Amino acid sequence: MMENYKHFTVLLDEAVNGLNIRPDGIYIDGTFGRGGHSRLILSQLGEEGRLLAIDRDPQAIAVAKTIDDPRFSIIHGPFSALGEYVADRDLIGKIDGILLDLGVSSPQLDDAERGFSFMRDGPLDMRMDPTRGQSAAEWLQTAEEADIAWVLKTYGEERFAKRIARAIVEHNREQPMTRTKELAEVVAAATPVKDKFKHPATRTFQAVRIWVNSELEEIEQALKSSLHVLAPGGRLSIISFHSLEDRIVKRFMRENSRGPQVPAGLPMTEEQLKKLGGRQLRALGKLMPGEEEVAENPRARSSVLRIAERTNA
């Protein structure tokens with residue numbers, strides 16, 4: 001079924017241009033998806049170039065396996081483990097660029113069977129990799145009311161988190177929730193004030209999805225690993241789709257673009273300062289989609305691309 005879903009790769013040219021591709025370079029596409037970024041990277045690599053792609057979605061892996069190119073390899077797993085994948089291939093400090101396109105993809109949203117969308121009724125799953133971990137339904141059926149409320153507040157910034165959590169728990173006591181339509185209806189009924197521009201279940205679905213897939217922890221671990229695997233001059237090109245993701249990326253790039261923070265007046269020798277090291281990244285700014293791209297693909301509206309370069313420190 002997956003070939004029936006049209007997929008737009010957001011900020012395609014901009015994200016790949018941000019990598020500053022060298023024909024003989026080694027690159028990582030940490031979120032293969034349907035391969036839009038990977039194919040463009042491959043088109044710019046020479047015979048000696050290499051591209052390592054990663055995805056934890058089995059459907060994405062199936063698409064990746066159709067690419068018959070000796071320069072390309074695919075790994076089925078989370079991008080948070082990119083440090084391990086690189087170490088296994090003896091490529092630590094040799095990666096020339098890492099691209100991450102965060103969040104859920106259009107095919108995942110559009111396929112009702114994946115359970116990501118409140119717009120289509122399907123199994124309440126939401127896992128990026130349906131073969132591993134707890135589904136959204138399983139978690140909601142076993143979680144405490146306070147834990148559900150915390151997730152909705154923390155990852156969905158939902159102001160009615162406590163009311164919605166109570167409604168979910170009460171519904172599950174009477175009849176275990178298994179469908180996306182059920183969750184959407186329970187949330188809508190528990191929301192006292194409706195936003196005319198946004199479905200009342202939007203924040204809840206985002207929060208549960210982020211929790212089920214440990215999305216923010218995945219991002220933080222991948223960013224941390226990037227400092228170890230990138231070569232000097234190597235690039236990070238990262239697309240985020242909501243403020244929680246972008247906040248993590250922005251903070252990481254800002255903190256690592258500074259030198260070591262030493263209290264004013266603290267006596268230190270030149271040798272001691274050298275041991276602290278210099279700044280590890282140089283932030284190269286951010287880009288957002290133009291009006292034409294947003295008109296063609298409304299889901300691109302909230303996307304932000306941030307680019308940084310590894311220093312010699």
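Backbone N, Cα and C atoms are what each Cβ position is placed from, and that goes for glycine too.
Sequence annotations record features per position, and here Swiss-Prot assigns S-adenosyl-L-methionine binding site to G35, G36, H37, D55, F79, D101, Q108. Counting every protein chain shown, 22 other Cβ atoms lie within 10 Å of the Cβ of G35 (S-adenosyl-L-methionine binding site).
Neighbour counts of Cβ atoms within 10 Å were compared across the binding-site residues D55, D101; the minimum falls on D101.
When secondary structure is read from DSSP and collapsed to three states, Q108 (S-adenosyl-L-methionine binding site) falls in the helix class. Annotation note: D101 (S-adenosyl-L-methionine binding site) sits in a strand segment as assigned by DSSP. Across the residues the record lists as binding S-adenosyl-L-methionine (G35, G36, H37, D55, F79, D101, Q108), the two Cα atoms farthest apart are 17 Å from each other.
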